[in-house]
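What TrEMBL annotates here:
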| type | residues | note |
| --- | --- | --- |
| DOMAIN | A:25-130 | domain 'PurM-like N-terminal' |
| BINDING | A:Asp26, A:Asp70, A:Asp197 | Mg(2+) 3 binding site |
| BINDING | A:Asp26, A:Thr40, A:Asp70 | Mg(2+) 4 binding site |
| BINDING | A:Asp42, A:Asp70 | Mg(2+) 2 binding site |
| BINDING | A:Asp42, A:Asp113 | Mg(2+) 1 binding site |
| BINDING | A:His49, A:Asp241, A:Tyr289 | substrate binding site |
| BINDING | A:Gly112, A:Asp113, A:Arg139, A:Ser199 | ATP binding site |
| DOMAIN | A:143-249 | domain 'PurM-like C-terminal' |
| BINDING | A:Asp200 | Mg(2+) 5 binding site |
There are 2 protein chains.
Amino acid sequence: MSGESAFIDLLRGLPLHPGARGLDDDAAVLEVGGETLVLTHDMLVEGIHVLPGQDPADVAWKLVATNLSDLAAKGAEPMGVLVGYMLGADDARFLEGLREVLSTYNTPLLGGDTVSGGPPRSFGLTAIGRATHVPVPSRSGARPGDAIYVTGPLGAALAGFEALQAGNLNTALPYRRPVPLLAEGRALAPIVGAMMDVSDGLLLDSWRMAKASGTTFAIDRSAPPIVLPEARRDEALRWGDDYQLLFTMPDGVEPPVPATRIGKVKARADDAPLVLDGTPISSPEGLGYSHGG
Amino acid sequence: MSGESAFIDLLRGLPLHPGARGLDDDAAVLEVGGETLVLTHDMLVEGIHVLPGQDPADVAWKLVATNLSDLAAKGAEPMGVLVGYMLGADDARFLEGLREVLSTYNTPLLGGDTVSGGPPRSFGLTAIGRATHVPVPSRSGARPGDAIYVTGPLGAALAGFEALQAGNLNTALPYRRPVPLLAEGRALAPIVGAMMDVSDGLLLDSWRMAKASGTTFAIDRSAPPIVLPEARRDEALRWGDDYQLLFTMPDGVEPPVPATRIGKVKARADDAPLVLDGTPISSPEGLGYSHGG
(Lines of atoms letter the chains of each structure in order from A and count residues from 1; the text may use other names and numbers.)
(Lines give C-alpha, C1' and ligand atoms only; values in the text may rest on other atoms or scores of the structure.)
Protein backbone atom coordinates (compact mmCIF):
# COMPACT_ATOMS: atom_id res chain seq x y z
CA MET A 1 0.00 0.00 0.00
CA SER A 2 3.01 2.31 -0.23
CA GLY A 3 2.16 5.69 -1.69
CA GLU A 4 2.41 6.14 -5.41
CA SER A 5 2.57 9.78 -6.24
CA ALA A 6 4.50 12.68 -7.60
CA PHE A 7 5.78 13.12 -4.06
CA ILE A 8 7.29 9.66 -4.08
CA ASP A 9 8.81 10.44 -7.45
CA LEU A 10 10.48 13.46 -5.87
CA LEU A 11 11.60 11.42 -2.89
CA ARG A 12 13.41 9.13 -5.27
CA GLY A 13 15.91 11.94 -5.74
CA LEU A 14 17.03 11.64 -2.11
CA PRO A 15 20.12 9.63 -1.17
CA LEU A 16 19.30 6.00 -0.44
CA HIS A 17 21.07 3.64 1.89
CA PRO A 18 23.44 1.38 -0.07
CA GLY A 19 21.58 -1.63 1.35
CA ALA A 20 18.15 -0.18 0.53
CA ARG A 21 16.36 -0.89 -2.69
CA GLY A 22 14.39 2.28 -2.51
CA LEU A 23 11.00 3.72 -3.05
CA ASP A 24 9.82 1.98 -6.18
CA ASP A 25 8.66 -0.86 -4.03
CA ASP A 26 6.35 -1.74 -1.15
CA ALA A 27 9.12 -2.17 1.37
CA ALA A 28 12.72 -1.26 2.05
CA VAL A 29 15.36 -3.97 2.10
CA LEU A 30 18.34 -3.44 4.40
CA GLU A 31 21.37 -5.64 5.05
CA VAL A 32 22.29 -5.73 8.75
CA GLY A 33 24.83 -7.97 10.43
CA GLY A 34 24.49 -10.76 7.89
CA GLU A 35 20.68 -10.65 7.97
CA THR A 36 18.40 -9.08 5.37
CA LEU A 37 15.71 -6.95 6.93
CA VAL A 38 12.50 -5.80 5.28
CA LEU A 39 10.86 -2.59 6.53
CA THR A 40 7.45 -1.18 5.65
CA HIS A 41 5.50 1.85 6.80
CA ASP A 42 1.82 2.49 6.05
CA MET A 43 -0.64 5.08 7.32
CA LEU A 44 -4.41 4.75 7.71
CA VAL A 45 -6.65 7.81 7.78
CA GLU A 46 -10.23 7.85 9.12
CA GLY A 47 -12.74 8.42 6.36
CA ILE A 48 -10.23 7.37 3.68
CA HIS A 49 -8.82 3.95 4.55
CA VAL A 50 -11.29 3.08 7.29
CA LEU A 51 -14.92 4.10 7.70
CA PRO A 52 -15.67 6.84 10.23
CA GLY A 53 -17.07 5.09 13.29
CA GLN A 54 -15.61 1.72 12.34
CA ASP A 55 -14.74 -0.54 15.27
CA PRO A 56 -11.31 0.63 16.54
CA ALA A 57 -10.31 -3.03 16.86
CA ASP A 58 -10.79 -3.37 13.09
CA VAL A 59 -8.63 -0.29 12.54
CA ALA A 60 -5.84 -1.82 14.61
CA TRP A 61 -6.19 -5.10 12.74
CA LYS A 62 -6.09 -3.46 9.33
CA LEU A 63 -3.15 -1.23 10.27
CA VAL A 64 -1.06 -4.24 11.22
CA ALA A 65 -2.38 -6.60 8.53
CA THR A 66 -1.68 -4.25 5.61
CA ASN A 67 1.94 -3.87 6.72
CA LEU A 68 2.34 -7.60 7.33
CA SER A 69 0.94 -8.10 3.83
CA ASP A 70 3.83 -5.99 2.50
CA LEU A 71 6.20 -8.29 4.41
CA ALA A 72 4.37 -11.34 2.98
CA ALA A 73 5.01 -10.07 -0.55
CA LYS A 74 8.73 -10.07 0.31
CA GLY A 75 8.68 -13.56 1.79
CA ALA A 76 9.64 -11.99 5.12
CA GLU A 77 8.92 -13.23 8.63
CA PRO A 78 7.61 -10.48 10.96
CA MET A 79 9.98 -9.48 13.77
CA GLY A 80 7.86 -6.72 15.23
CA VAL A 81 5.96 -3.48 14.74
CA LEU A 82 6.05 0.12 15.94
CA VAL A 83 2.70 1.89 16.16
CA GLY A 84 1.90 5.60 15.82
CA TYR A 85 -1.43 6.05 17.55
CA MET A 86 -3.70 9.08 17.72
CA LEU A 87 -5.67 8.87 20.95
CA GLY A 88 -9.46 8.80 20.76
CA ALA A 89 -12.64 7.89 22.55
CA ASP A 90 -12.12 4.13 22.60
CA ASP A 91 -8.43 3.40 23.01
CA ALA A 92 -9.08 0.16 24.91
CA ARG A 93 -10.95 -1.26 21.93
CA PHE A 94 -8.08 -0.35 19.57
CA LEU A 95 -5.78 -2.12 21.97
CA GLU A 96 -7.94 -5.26 21.88
CA GLY A 97 -7.67 -5.37 18.10
CA LEU A 98 -3.94 -4.77 18.30
CA ARG A 99 -3.55 -7.61 20.76
CA GLU A 100 -5.65 -9.92 18.53
CA VAL A 101 -3.78 -9.25 15.31
CA LEU A 102 -0.33 -9.35 16.89
CA SER A 103 -1.00 -12.63 18.66
CA THR A 104 -2.63 -14.12 15.53
CA TYR A 105 0.52 -13.43 13.56
CA ASN A 106 2.90 -14.03 16.46
CA THR A 107 4.33 -10.54 16.03
CA PRO A 108 5.59 -8.53 18.99
CA LEU A 109 5.04 -4.83 19.58
CA LEU A 110 8.42 -3.10 19.68
CA GLY A 111 7.41 0.44 20.53
CA GLY A 112 5.68 3.50 19.21
CA ASP A 113 4.23 6.89 19.95
CA THR A 114 0.86 8.23 21.06
CA VAL A 115 -0.36 11.72 20.17
CA SER A 116 -3.49 13.83 20.37
CA GLY A 117 -5.03 15.09 17.15
CA GLY A 118 -7.73 14.84 14.55
CA PRO A 119 -10.45 14.49 13.51
CA PRO A 120 -9.76 12.91 11.17
CA ARG A 121 -7.49 10.68 13.19
CA SER A 122 -4.61 8.96 11.48
CA PHE A 123 -2.50 6.00 12.43
CA GLY A 124 0.92 4.82 11.33
CA LEU A 125 2.61 1.49 11.55
CA THR A 126 6.10 0.29 10.80
CA ALA A 127 6.69 -3.42 10.42
CA ILE A 128 10.11 -4.99 10.42
CA GLY A 129 10.76 -8.49 9.14
CA ARG A 130 13.52 -10.91 8.40
CA ALA A 131 13.85 -12.05 4.78
CA THR A 132 13.62 -15.83 4.41
CA HIS A 133 14.99 -15.76 0.86
CA VAL A 134 17.59 -13.56 -0.80
CA PRO A 135 17.33 -11.85 -3.20
CA VAL A 136 14.09 -10.52 -1.75
CA PRO A 137 11.27 -10.56 -4.35
CA SER A 138 10.41 -7.18 -5.84
CA ARG A 139 7.97 -5.65 -8.30
CA SER A 140 10.63 -5.46 -10.94
CA GLY A 141 11.56 -9.11 -11.45
CA ALA A 142 8.98 -10.11 -14.11
CA ARG A 143 10.56 -11.42 -17.33
CA PRO A 144 9.00 -11.96 -20.77
CA GLY A 145 7.73 -15.52 -20.98
CA ASP A 146 6.77 -15.70 -17.28
CA ALA A 147 3.24 -16.68 -16.35
CA ILE A 148 1.22 -14.32 -14.12
CA TYR A 149 -0.71 -15.62 -11.09
CA VAL A 150 -2.92 -14.36 -8.30
CA THR A 151 -3.35 -16.35 -5.08
CA GLY A 152 -7.08 -15.97 -4.54
CA PRO A 153 -10.38 -14.35 -5.40
CA LEU A 154 -10.81 -10.61 -5.81
CA GLY A 155 -13.73 -8.43 -4.74
CA ALA A 156 -13.99 -9.94 -1.26
CA ALA A 157 -13.02 -6.66 0.38
CA LEU A 158 -15.51 -4.74 -1.77
CA ALA A 159 -18.29 -7.15 -0.84
CA GLY A 160 -17.21 -6.83 2.80
CA PHE A 161 -17.21 -3.04 2.56
CA GLU A 162 -20.79 -3.10 1.28
CA ALA A 163 -21.81 -5.57 3.99
CA LEU A 164 -20.32 -3.27 6.62
CA GLN A 165 -22.24 -0.30 5.28
CA ALA A 166 -25.36 -2.48 5.48
CA GLY A 167 -24.50 -3.32 9.08
CA ASN A 168 -23.64 -6.98 8.52
CA LEU A 169 -20.47 -7.34 10.55
CA ASN A 170 -19.81 -11.02 9.90
CA THR A 171 -19.92 -10.95 6.12
CA ALA A 172 -17.89 -7.73 6.32
CA LEU A 173 -14.90 -9.63 7.72
CA PRO A 174 -12.76 -9.62 4.53
CA TYR A 175 -12.93 -5.79 4.58
CA ARG A 176 -12.66 -5.43 8.36
CA ARG A 177 -9.92 -7.99 8.94
CA PRO A 178 -7.73 -8.57 5.90
CA VAL A 179 -5.43 -11.58 6.03
CA PRO A 180 -1.73 -11.16 5.26
CA LEU A 181 -0.59 -14.20 3.26
CA LEU A 182 2.65 -14.71 5.17
CA ALA A 183 3.05 -18.48 4.68
CA GLU A 184 2.18 -18.20 0.98
CA GLY A 185 4.70 -15.38 0.52
CA ARG A 186 7.45 -17.40 2.17
CA ALA A 187 6.69 -20.43 0.01
CA LEU A 188 6.70 -18.32 -3.15
CA ALA A 189 9.72 -16.11 -2.46
CA PRO A 190 12.40 -18.55 -3.73
CA ILE A 191 10.51 -19.23 -6.98
CA VAL A 192 8.86 -16.03 -8.18
CA GLY A 193 10.11 -13.55 -10.73
CA ALA A 194 8.18 -10.58 -9.32
CA MET A 195 5.76 -10.45 -6.38
CA MET A 196 3.58 -7.84 -4.65
CA ASP A 197 0.37 -7.72 -2.66
CA VAL A 198 -2.79 -6.54 -4.41
CA SER A 199 -3.68 -3.57 -2.24
CA ASP A 200 -4.92 -1.07 -4.79
CA GLY A 201 -6.73 -3.30 -7.30
CA LEU A 202 -5.53 -6.13 -9.52
CA LEU A 203 -5.38 -4.10 -12.72
CA LEU A 204 -3.57 -1.11 -11.21
CA ASP A 205 -1.10 -3.29 -9.33
CA SER A 206 -0.49 -5.42 -12.46
CA TRP A 207 0.15 -2.22 -14.41
CA ARG A 208 2.65 -1.12 -11.73
CA MET A 209 4.45 -4.46 -11.63
CA ALA A 210 4.73 -4.56 -15.41
CA LYS A 211 5.99 -0.98 -15.44
CA ALA A 212 8.59 -1.65 -12.72
CA SER A 213 9.74 -4.73 -14.66
CA GLY A 214 9.94 -2.95 -18.01
CA THR A 215 7.55 -5.50 -19.49
CA THR A 216 3.96 -5.75 -20.67
CA PHE A 217 1.45 -7.90 -18.78
CA ALA A 218 -1.12 -9.54 -21.07
CA ILE A 219 -4.02 -10.34 -18.77
CA ASP A 220 -7.15 -12.32 -19.56
CA ARG A 221 -9.97 -10.32 -18.00
CA SER A 222 -12.08 -13.43 -17.40
CA ALA A 223 -9.33 -15.43 -15.68
CA PRO A 224 -9.06 -14.01 -12.15
CA PRO A 225 -11.48 -15.62 -9.69
CA ILE A 226 -13.92 -13.15 -8.17
CA VAL A 227 -16.45 -13.38 -5.34
CA LEU A 228 -18.89 -10.89 -6.86
CA PRO A 229 -21.49 -11.58 -9.59
CA GLU A 230 -19.98 -11.65 -13.11
CA ALA A 231 -21.72 -8.35 -13.91
CA ARG A 232 -19.47 -6.71 -11.35
CA ARG A 233 -16.19 -8.24 -12.61
CA ASP A 234 -14.74 -4.84 -13.55
CA GLU A 235 -15.26 -3.54 -10.04
CA ALA A 236 -13.71 -6.67 -8.52
CA LEU A 237 -10.59 -6.18 -10.65
CA ARG A 238 -10.34 -2.48 -9.79
CA TRP A 239 -11.17 -2.37 -6.07
CA GLY A 240 -8.33 -2.74 -3.61
CA ASP A 241 -7.87 -4.11 -0.11
CA ASP A 242 -7.96 -7.82 -0.99
CA TYR A 243 -4.26 -8.40 -0.18
CA GLN A 244 -3.94 -11.42 -2.43
CA LEU A 245 -0.45 -11.96 -3.82
CA LEU A 246 0.24 -11.17 -7.46
CA PHE A 247 3.33 -12.95 -8.81
CA THR A 248 5.09 -14.18 -11.91
CA MET A 249 6.91 -17.49 -12.44
CA PRO A 250 8.64 -19.22 -15.32
CA ASP A 251 6.02 -20.80 -17.58
CA GLY A 252 5.52 -24.50 -16.89
CA VAL A 253 6.48 -24.40 -13.21
CA GLU A 254 3.68 -25.30 -10.80
CA PRO A 255 3.13 -22.72 -8.00
CA PRO A 256 3.67 -24.21 -4.50
CA VAL A 257 0.46 -22.58 -3.19
CA PRO A 258 -3.08 -22.37 -4.58
CA ALA A 259 -3.08 -19.74 -7.33
CA THR A 260 -4.83 -18.94 -10.58
CA ARG A 261 -3.02 -18.19 -13.79
CA ILE A 262 -4.31 -14.89 -15.21
CA GLY A 263 -1.95 -14.03 -18.05
CA LYS A 264 1.53 -13.87 -19.47
CA VAL A 265 4.48 -11.48 -19.33
CA LYS A 266 5.61 -10.11 -22.72
CA ALA A 267 8.31 -7.78 -23.93
CA ARG A 268 7.15 -4.17 -23.55
CA ALA A 269 5.02 -3.26 -26.56
CA ASP A 270 3.09 -0.17 -27.63
CA ASP A 271 4.39 1.72 -24.58
CA ALA A 272 1.63 -0.08 -22.64
CA PRO A 273 2.52 -1.90 -19.39
CA LEU A 274 -0.88 -3.64 -19.49
CA VAL A 275 -2.79 -5.38 -22.26
CA LEU A 276 -6.28 -6.43 -21.17
CA ASP A 277 -8.01 -8.91 -23.50
CA GLY A 278 -5.82 -7.58 -26.31
CA THR A 279 -6.39 -3.86 -25.58
CA PRO A 280 -3.17 -1.94 -24.69
CA ILE A 281 -3.46 0.28 -21.60
CA SER A 282 -0.81 2.99 -21.31
CA SER A 283 -2.08 5.04 -18.38
CA PRO A 284 -2.89 3.85 -14.85
CA GLU A 285 -5.80 6.31 -14.63
CA GLY A 286 -8.99 4.56 -13.61
CA LEU A 287 -7.38 1.15 -13.20
CA GLY A 288 -7.72 1.07 -9.43
CA TYR A 289 -7.45 2.83 -6.14
CA SER A 290 -4.59 5.29 -5.80
CA HIS A 291 -3.87 6.20 -2.17
CA GLY A 292 -3.12 9.86 -1.77
CA GLY A 293 -1.72 9.96 -5.23
CA MET B 1 9.18 11.99 22.57
CA SER B 2 7.50 8.59 22.88
CA GLY B 3 3.98 8.80 24.23
CA GLU B 4 3.46 8.52 27.94
CA SER B 5 -0.09 7.64 28.69
CA ALA B 6 -2.55 5.18 30.01
CA PHE B 7 -2.59 3.75 26.48
CA ILE B 8 1.10 2.97 26.64
CA ASP B 9 0.52 1.40 30.04
CA LEU B 10 -2.03 -0.87 28.41
CA LEU B 11 0.29 -1.62 25.51
CA ARG B 12 2.82 -2.86 28.03
CA GLY B 13 0.56 -5.86 28.49
CA LEU B 14 1.21 -6.99 24.91
CA PRO B 15 3.83 -9.62 24.13
CA LEU B 16 7.23 -8.10 23.41
CA HIS B 17 9.99 -9.41 21.20
CA PRO B 18 12.61 -11.22 23.29
CA GLY B 19 15.23 -8.82 21.90
CA ALA B 20 13.10 -5.74 22.54
CA ARG B 21 13.29 -3.75 25.72
CA GLY B 22 9.80 -2.47 25.36
CA LEU B 23 7.68 0.55 25.81
CA ASP B 24 9.08 2.09 28.98
CA ASP B 25 11.69 3.78 26.85
CA ASP B 26 12.15 6.17 23.91
CA ALA B 27 13.21 3.48 21.49
CA ALA B 28 13.09 -0.23 20.89
CA VAL B 29 16.27 -2.27 21.00
CA LEU B 30 16.44 -5.33 18.78
CA GLU B 31 19.23 -7.87 18.31
CA VAL B 32 19.66 -8.86 14.66
CA GLY B 33 22.40 -11.11 13.36
CA GLY B 34 25.05 -9.92 15.77
CA GLU B 35 24.10 -6.24 15.48
CA THR B 36 22.00 -4.27 17.94
CA LEU B 37 19.40 -2.11 16.25
CA VAL B 38 17.58 0.83 17.77
CA LEU B 39 14.14 1.75 16.38
CA THR B 40 12.05 4.82 17.13
CA HIS B 41 8.71 6.09 15.85
CA ASP B 42 7.32 9.57 16.47
CA MET B 43 4.33 11.41 15.06
CA LEU B 44 3.89 15.16 14.59
CA VAL B 45 0.44 16.74 14.38
CA GLU B 46 -0.28 20.19 12.95
CA GLY B 47 -1.44 22.60 15.63
CA ILE B 48 0.02 20.41 18.38
CA HIS B 49 3.67 19.72 17.64
CA VAL B 50 4.12 22.25 14.85
CA LEU B 51 2.37 25.57 14.33
CA PRO B 52 -0.38 25.68 11.69
CA GLY B 53 1.12 27.34 8.64
CA GLN B 54 4.69 26.63 9.73
CA ASP B 55 7.19 26.18 6.88
CA PRO B 56 6.78 22.54 5.67
CA ALA B 57 10.57 22.31 5.47
CA ASP B 58 10.69 22.93 9.23
CA VAL B 59 8.09 20.21 9.76
CA ALA B 60 10.23 17.75 7.82
CA TRP B 61 13.32 18.82 9.76
CA LYS B 62 11.63 18.45 13.12
CA LEU B 63 10.07 15.10 12.22
CA VAL B 64 13.48 13.64 11.40
CA ALA B 65 15.44 15.48 14.12
CA THR B 66 13.18 14.38 16.99
CA ASN B 67 13.58 10.74 15.97
CA LEU B 68 17.34 11.08 15.48
CA SER B 69 17.44 12.63 18.95
CA ASP B 70 15.92 9.41 20.30
CA LEU B 71 18.72 7.52 18.54
CA ALA B 72 21.27 9.96 19.99
CA ALA B 73 20.06 9.16 23.50
CA LYS B 74 20.85 5.51 22.75
CA GLY B 75 24.31 6.23 21.36
CA ALA B 76 23.06 4.89 18.02
CA GLU B 77 24.23 5.78 14.52
CA PRO B 78 21.33 6.45 12.08
CA MET B 79 20.93 3.86 9.31
CA GLY B 80 17.83 5.33 7.72
CA VAL B 81 14.26 6.54 8.08
CA LEU B 82 10.79 5.68 6.77
CA VAL B 83 8.38 8.60 6.42
CA GLY B 84 4.59 8.64 6.65
CA TYR B 85 3.51 11.76 4.81
CA MET B 86 0.08 13.35 4.50
CA LEU B 87 -0.03 15.24 1.22
CA GLY B 88 -0.72 18.96 1.32
CA ALA B 89 -0.45 22.23 -0.55
CA ASP B 90 3.34 22.49 -0.50
CA ASP B 91 4.84 19.01 -0.79
CA ALA B 92 7.93 20.27 -2.61
CA ARG B 93 8.86 22.46 0.35
CA PHE B 94 8.47 19.51 2.75
CA LEU B 95 10.76 17.58 0.47
CA GLU B 96 13.39 20.35 0.58
CA GLY B 97 13.42 20.17 4.37
CA LEU B 98 13.61 16.40 4.25
CA ARG B 99 16.55 16.56 1.90
CA GLU B 100 18.31 19.12 4.11
CA VAL B 101 17.93 17.24 7.36
CA LEU B 102 18.79 13.84 5.88
CA SER B 103 21.91 15.13 4.19
CA THR B 104 22.95 17.10 7.31
CA TYR B 105 22.85 13.90 9.35
CA ASN B 106 24.02 11.65 6.54
CA THR B 107 20.89 9.54 6.90
CA PRO B 108 19.25 7.82 3.92
CA LEU B 109 15.53 7.58 3.23
CA LEU B 110 14.53 3.91 3.19
CA GLY B 111 10.87 4.16 2.25
CA GLY B 112 7.47 5.29 3.43
CA ASP B 113 3.90 5.99 2.55
CA THR B 114 1.94 8.99 1.32
CA VAL B 115 -1.76 9.49 2.08
CA SER B 116 -4.46 12.11 1.74
CA GLY B 117 -6.06 13.45 4.89
CA GLY B 118 -6.46 16.20 7.43
CA PRO B 119 -6.71 18.96 8.39
CA PRO B 120 -5.11 18.67 10.77
CA ARG B 121 -2.39 16.85 8.90
CA SER B 122 -0.16 14.42 10.72
CA PHE B 123 3.20 12.93 9.90
CA GLY B 124 5.00 9.88 11.13
CA LEU B 125 8.61 8.88 11.03
CA THR B 126 10.48 5.73 11.91
CA ALA B 127 14.23 5.92 12.41
CA ILE B 128 16.45 2.90 12.56
CA GLY B 129 19.97 3.01 13.94
CA ARG B 130 22.89 0.81 14.83
CA ALA B 131 23.96 0.80 18.48
CA THR B 132 27.59 1.80 18.95
CA HIS B 133 27.70 0.52 22.53
CA VAL B 134 26.02 -2.43 24.21
CA PRO B 135 24.21 -2.46 26.55
CA VAL B 136 22.30 0.40 24.98
CA PRO B 137 21.68 3.21 27.49
CA SER B 138 18.15 3.39 28.89
CA ARG B 139 16.09 5.54 31.22
CA SER B 140 16.35 2.96 33.95
CA GLY B 141 20.09 2.80 34.56
CA ALA B 142 20.47 5.58 37.17
CA ARG B 143 21.98 4.38 40.47
CA PRO B 144 22.07 6.10 43.87
CA GLY B 145 25.29 8.07 44.14
CA ASP B 146 25.38 8.96 40.43
CA ALA B 147 25.67 12.60 39.41
CA ILE B 148 23.01 14.04 37.06
CA TYR B 149 23.99 16.13 34.02
CA VAL B 150 22.40 17.97 31.13
CA THR B 151 24.35 18.72 27.95
CA GLY B 152 23.24 22.27 27.29
CA PRO B 153 20.96 25.19 28.02
CA LEU B 154 17.19 24.86 28.30
CA GLY B 155 14.50 27.23 27.11
CA ALA B 156 16.04 27.74 23.66
CA ALA B 157 13.06 26.09 21.97
CA LEU B 158 10.60 28.17 24.00
CA ALA B 159 12.45 31.37 23.05
CA GLY B 160 12.45 30.16 19.44
CA PHE B 161 8.74 29.42 19.57
CA GLU B 162 8.04 32.95 20.77
CA ALA B 163 10.33 34.38 18.09
CA LEU B 164 8.46 32.41 15.44
CA GLN B 165 5.12 33.70 16.66
CA ALA B 166 6.60 37.21 16.43
CA GLY B 167 7.74 36.47 12.87
CA ASN B 168 11.48 36.38 13.53
CA LEU B 169 12.54 33.30 11.59
CA ASN B 170 16.26 33.43 12.38
CA THR B 171 16.06 33.59 16.15
CA ALA B 172 13.32 30.94 15.93
CA LEU B 173 15.82 28.36 14.66
CA PRO B 174 16.14 26.35 17.91
CA TYR B 175 12.38 25.72 17.76
CA ARG B 176 12.18 25.31 13.96
CA ARG B 177 15.27 23.15 13.53
CA PRO B 178 16.19 21.18 16.64
CA VAL B 179 19.61 19.54 16.65
CA PRO B 180 19.93 15.84 17.54
CA LEU B 181 23.08 15.39 19.65
CA LEU B 182 24.29 12.28 17.84
CA ALA B 183 28.05 12.67 18.45
CA GLU B 184 27.48 13.55 22.11
CA GLY B 185 25.22 10.52 22.55
CA ARG B 186 27.80 8.20 21.04
CA ALA B 187 30.56 9.62 23.27
CA LEU B 188 28.39 9.25 26.36
CA ALA B 189 26.86 5.81 25.71
CA PRO B 190 29.75 3.72 27.11
CA ILE B 191 29.94 5.79 30.30
CA VAL B 192 26.43 6.78 31.40
CA GLY B 193 24.17 5.10 33.92
CA ALA B 194 20.91 6.36 32.36
CA MET B 195 20.40 8.63 29.36
CA MET B 196 17.44 10.19 27.50
CA ASP B 197 16.74 13.26 25.41
CA VAL B 198 14.89 16.15 27.03
CA SER B 199 11.86 16.37 24.78
CA ASP B 200 9.08 17.14 27.25
CA GLY B 201 10.82 19.42 29.73
CA LEU B 202 13.76 18.87 32.07
CA LEU B 203 11.70 18.39 35.23
CA LEU B 204 9.19 15.96 33.68
CA ASP B 205 11.89 13.94 31.94
CA SER B 206 14.00 13.86 35.12
CA TRP B 207 10.95 12.62 37.03
CA ARG B 208 10.45 9.88 34.41
CA MET B 209 14.09 8.80 34.44
CA ALA B 210 14.14 8.64 38.22
CA LYS B 211 10.87 6.67 38.19
CA ALA B 212 12.15 4.21 35.57
CA SER B 213 15.34 3.75 37.59
CA GLY B 214 13.52 3.27 40.92
CA THR B 215 15.49 6.17 42.40
CA THR B 216 14.98 9.77 43.49
CA PHE B 217 16.63 12.61 41.57
CA ALA B 218 17.64 15.52 43.83
CA ILE B 219 17.89 18.47 41.46
CA ASP B 220 19.17 21.94 42.20
CA ARG B 221 16.69 24.26 40.50
CA SER B 222 19.33 26.94 39.94
CA ALA B 223 21.91 24.63 38.34
CA PRO B 224 20.66 23.98 34.77
CA PRO B 225 21.84 26.63 32.30
CA ILE B 226 18.96 28.50 30.63
CA VAL B 227 18.76 30.93 27.75
CA LEU B 228 15.78 32.85 29.15
CA PRO B 229 15.84 35.60 31.81
CA GLU B 230 16.11 34.23 35.39
CA ALA B 231 12.51 35.27 36.05
CA ARG B 232 11.42 32.66 33.49
CA ARG B 233 13.55 29.81 34.90
CA ASP B 234 10.50 27.71 35.79
CA GLU B 235 9.23 27.88 32.21
CA ALA B 236 12.65 26.95 30.84
CA LEU B 237 12.75 23.85 33.06
CA ARG B 238 9.19 22.83 32.10
CA TRP B 239 9.04 23.54 28.37
CA GLY B 240 10.07 20.77 26.00
CA ASP B 241 11.60 20.55 22.54
CA ASP B 242 15.17 21.39 23.52
CA TYR B 243 16.52 17.87 22.82
CA GLN B 244 19.47 18.23 25.16
CA LEU B 245 20.69 14.96 26.67
CA LEU B 246 19.94 14.21 30.32
CA PHE B 247 22.25 11.57 31.78
CA THR B 248 23.73 10.16 34.96
CA MET B 249 27.31 9.09 35.64
CA PRO B 250 29.27 7.81 38.60
CA ASP B 251 30.20 10.74 40.82
CA GLY B 252 33.76 11.98 40.24
CA VAL B 253 33.98 10.94 36.57
CA GLU B 254 34.36 13.80 34.10
CA PRO B 255 31.81 13.74 31.21
CA PRO B 256 33.49 13.43 27.78
CA VAL B 257 31.28 16.21 26.33
CA PRO B 258 30.33 19.67 27.62
CA ALA B 259 27.65 19.20 30.29
CA THR B 260 26.40 20.83 33.47
CA ARG B 261 25.94 18.97 36.72
CA ILE B 262 22.41 19.59 38.02
CA GLY B 263 21.97 17.17 40.91
CA LYS B 264 22.47 13.78 42.42
CA VAL B 265 20.73 10.39 42.29
CA LYS B 266 19.51 9.09 45.67
CA ALA B 267 17.73 6.00 46.90
CA ARG B 268 13.99 6.38 46.41
CA ALA B 269 12.57 8.34 49.34
CA ASP B 270 9.13 9.63 50.26
CA ASP B 271 7.63 7.91 47.20
CA ALA B 272 8.88 10.92 45.22
CA PRO B 273 10.95 10.36 42.06
CA LEU B 274 11.96 14.03 42.09
CA VAL B 275 13.19 16.33 44.85
CA LEU B 276 13.54 19.93 43.69
CA ASP B 277 15.54 22.18 46.02
CA GLY B 278 14.61 19.82 48.85
CA THR B 279 10.89 19.60 48.03
CA PRO B 280 9.68 16.06 47.16
CA ILE B 281 7.53 15.82 44.01
CA SER B 282 5.43 12.65 43.73
CA SER B 283 3.26 13.42 40.73
CA PRO B 284 4.37 14.37 37.21
CA GLU B 285 1.37 16.72 36.85
CA GLY B 286 2.46 20.17 35.78
CA LEU B 287 6.15 19.28 35.51
CA GLY B 288 6.29 19.55 31.72
CA TYR B 289 4.68 18.84 28.41
CA SER B 290 2.89 15.55 28.09
CA HIS B 291 2.26 14.57 24.45
CA GLY B 292 -1.14 13.09 23.97
CA GLY B 293 -1.16 11.80 27.50
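Each residue, glycine too, has its Cβ placed from N, Cα and C.
Note: TrEMBL annotation is automatic and uncurated.
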Proximal residue to A:Gly112 (ATP binding site) among binding-site residues A:Thr40, A:His49, A:Asp70, A:Asp200 (C-alpha distance): A:Thr40
Pairwise Cα distance for A:Asp241 (substrate binding site)/A:Ser199 (ATP binding site) [Å, integer]: 5
Lowest local Cβ density (other Cβ within 10 Å) among binding-site residues: A:Thr40, A:Ser199: A:Ser199
Binding-site residues: A:His49, A:Arg139 - member with fewest neighbouring CB atoms within 10 Å: A:Arg139
Reduced DSSP assignment, A:Asp241 (substrate binding site): coil
A:Thr40, A:Asp42, A:Asp113, A:Arg139, A:Asp241: the binding-site residues whose Cβ falls under 8 Å from a chain B Cβ: A:Thr40, A:Asp42, A:Asp113
In three-state DSSP terms, the structure that A:Asp70 (Mg(2+) 3 binding site) belongs to: helix
Fewest-neighbour residue among binding-site residues, criterion Cβ within 10 Å, set A:Asp26, A:Asp42, A:Asp70, A:Asp197, A:Asp241: A:Asp241
Rounded distance in angstrom between the Cα atoms of A:Thr40 (Mg(2+) 4 binding site) and A:Arg139 (ATP binding site): 15
Per-region confidence, the domain 'PurM-like C-terminal' (A:143-249) (mean pLDDT, whole number): 96
